[in-house]
Every structure is written in C-alpha cells, then in structure tokens.
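For reference, the structure discussed in these notes is given below.
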Amino acid sequence: MNALVAANRNFKLAARLLGLDSKLEKSLLIPFREIKVECTIPKDDGTLATFVGFRIQHDNARGPMKGGIRYHPEVDPDEVNALAQLMTWKTAVANIPYGGAKGGIGCNPGELSKSELERLTRVFTQKIHDLIGIHTDVPAPDMGTGPQTMAWILDEYSKFHGHSPAVVTGKPIDLGGSLGRDAATGRGVLFATEALLNEHGKSISGQKFVIQGFGNVGSWAAQLIHEKGGKVVALSDITGAIKNSNGIDIPSLLKHVKENKGIKGFHGGDSIDPKSVLVEDCDILIPAALGGVINRENANEIKAKFIIEAANHPTDPEADEILSKKGVIILPDIYANSGGVTVSYFEWVQNIQGFMWDEEKVNSELKTYMTKGFKNVKEMCQTHNCDLRMGAFTLGVNRVARATVLRGWEA
C-alpha cells in the first residue's frame, strides 16, 4: 500500500477515536507548504545536469518543522508527503517542540562524485534558504545523506544568514553536532524495546532477535542489544543475509562489514535468502530498512511475538490486521524510532545555547524521553481501548490538534 494512503488511514482512525471536528481534521492533514525546485549543476566533465529537489513542510503548530533530506533516484512526492506527516506525529509523541517536514533530491548519490554532490547540495540550499531556518524548518540527514551533506547546507545557509549551526542537525561534531547522535535512533530502539519488554515481565537478555537492515540504525541496535545479552540470530542488508541460531558475533560482523562493505561473505553464520529473514524464528523482529516490507504476502508466516518498527512505515495496514489477530505486538515507528529526532532536538538546544553536553547526558536524557513516551502511549491505549499503533497516533494527533486550537488556527 502507498505510504501516503497508509499514513492518512492511520491519521483518520486516530481522529475518529479522538472525536475531532471534521474541519480541524482536514486542516491537520493539509501540508503547510510544498516546495519544488530545479537544481542545475555543472558535472565534473563540464556537462550540465538538472535534478528536482523538494521540501514538504507539513505542520508547525508545536514548533519549527523538522525532518530529513534524502538523496535517492526514486524520491517520490507521495512518500515524502507521508513521511513529513509522520514526522509531525512523531515529534508530538516524543513531546519535543517541533512539527514535521521531509525533503529530498531525485538523484543517485552513488553515481555522483563528492564535488558534484557538494555543488548539488549548495544549489538546493540556495533555492530553499529563505524557507528553512533555526525557528522555521530544521533539516537533518536521511537516506543517501549524512553529516557532510549537513555541513555543506550549514555553510551555504550561513552565507545568507550569518553563522547558524542550529539550522541543521546531524552535523559533524566539529561543526556543532551532538555527541551520541550517530547511535541515537538505534539506542532509542533499544530503550523502546526495554520499555515494552518490561511491561511483559521480560528483559533484553536471553531474547532472540532478528534485524532486517544493517545500516546506521540496524547496526547500532544490534550492537547495543548484543551488549545487553540479547541474541541476534539473523540479520540482513542489501548484500545478503545470515543466520546463526546460537547468536551472531556482532563485534566480528561489524568489523567484517567495515572491511567488506556488507554482510556478504561473513563466516559467523549460514547464508540465507534475504527475503526469508523476516520470517525466521525469533522472539523480537526489528525491521530497520525500507517501508512496506511486512505485507499481506508474508504476515502470516512471521514467527516473532514482538515487532519493533525501527524503519519508517515497515508494516502495511493489511499486515497489521493479520498480525494483531495472531496476537503479535507491534511497537509503531512513530514512537520506536523517535530516538534520532529526539537527539536532533538535543543538538538544536545545544547549538542555540552555545553549550555542548557530554555523551552520558545525551544518552541519559534520551532514555528519559523514550521511557516517558512509552508510558504516554500506554495511557492513550487504555483511554481509547486500542493497540500501540493507535495509542501512538492518538497521542501525537491529540497534541498537535490541541496546539492548533490554542493558536486559533482551526478553520
């Protein structure tokens, strides 16, 4: 199912549970602003190339808009619209003073040289610099972008507006990035998992985990789970998949991935079909790659008791229904992977104050936010007699709706 259709469906279900007025419901769904720009750059060989960049700014009732910028050949306006909307609810669930946004450029970063990527990023920033800002819209990295991309945006933006480290998050440490930001989403997944397991009288130790995706989020989650005594029995990335029922040696795998740019060829487990990783036998399944991977085709075969959504929108609504009938408990993305945006908020706060925190403070504050977030989601589940996904959606939508009404913005 299209990500935007799924996001709208979940929003509408939450709005119904909350009894929102139809005018307010409509105004909460419509994006604040959609920006589409042409970015033409000279390539290294002297020819010109044109790319389309855009930024969807969804809502700013609770504070500046916030969201990643992705560089990907299939940057699809519908998907980015969905992700901008989900960021609005996610920042509200995390209870940080932001709204939601998302953006991207339709390009294949693997086919562009570093200097071409720099030129593209700077041209894109020139086109949108007056529409982003410290108190307006604060971008961050996403698929195909990273700290270096943020450094270029910061530099280009500062040419127009003076030194402004708080205009982007996920920056290199040397330019005002936060300690602990790199591990933040994966660490947040760990804290979210601990909160859920505590509720069921369990702990990480001794549980069997399967992680789909071994990028930034999946690799950090695997490492931190391994340190806590959890057994990661199967893993996949774009190069391949492995399983080992005795538990994969994560430190050795991290070393292998660093040297070989992927899981493929690792000898600490049996090679399996990457498609089968989601249906391997385990207690806890963590999809940490792309959206829509758990769908009606494979939902019946999933053996996990718990699913922690580290990726954005990994479970289709049809799969949701099948899994809930099977009694599988799903911790939704808008809560489970909010560790990244929470530490982005800490980075922004540090930049505005001009005062850096040590890593211990960052991690301890993150744990506080994630633990409190789970408690708030559970309270909404009890109030509205609903599952965790609707608990998170009603929590997020209700906070944004209240801010909208208080500002006098309802139609």
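Just so you know, glycine gets a Cβ as well, placed from its N, Cα and C.
Heads up, TrEMBL stuff is auto-annotated, nobody curated it.
Taken from TrEMBL, the feature substrate binding site applies to Lys66, Lys90, Ser344.
Among the features that TrEMBL reports, active site, proton donor is placed at Lys102.
Here TrEMBL flags Asp142 as site 'Important for catalysis'. For Asp142 (site 'Important for catalysis'), the same-chain residues lying six or more positions away in sequence with a CB closer than 8 A to its CB are Gly67, Gly68, Ile69, Arg70, Lys102, Gly104.
Within the same chain, residues at least 6 positions away in sequence whose Cβ sits under 8 Å from that of Thr185 (NAD(+) binding site) are Asn216, Val217, Trp220, Ala310, Asn337, Gly339, Gly340. Residues or ranges marked as NAD(+) binding site in TrEMBL: Thr185, Asn216.
Within 10 Å of the Cβ of Lys66 (substrate binding site) there are 29 other Cβ atoms, across all protein chains. The candidate set comprises the binding-site residues Asn216, Ser344. Of these, Ser344 has the most other Cβ atoms within 10 Å. Under a cutoff of 8 A between CB atoms, and with a sequence separation of 6+ in the same chain, the neighbours of Lys90 (substrate binding site) are Gly100, Asp333, Ile334, Tyr335, Asn337, Ser338, Val341, Gly396.
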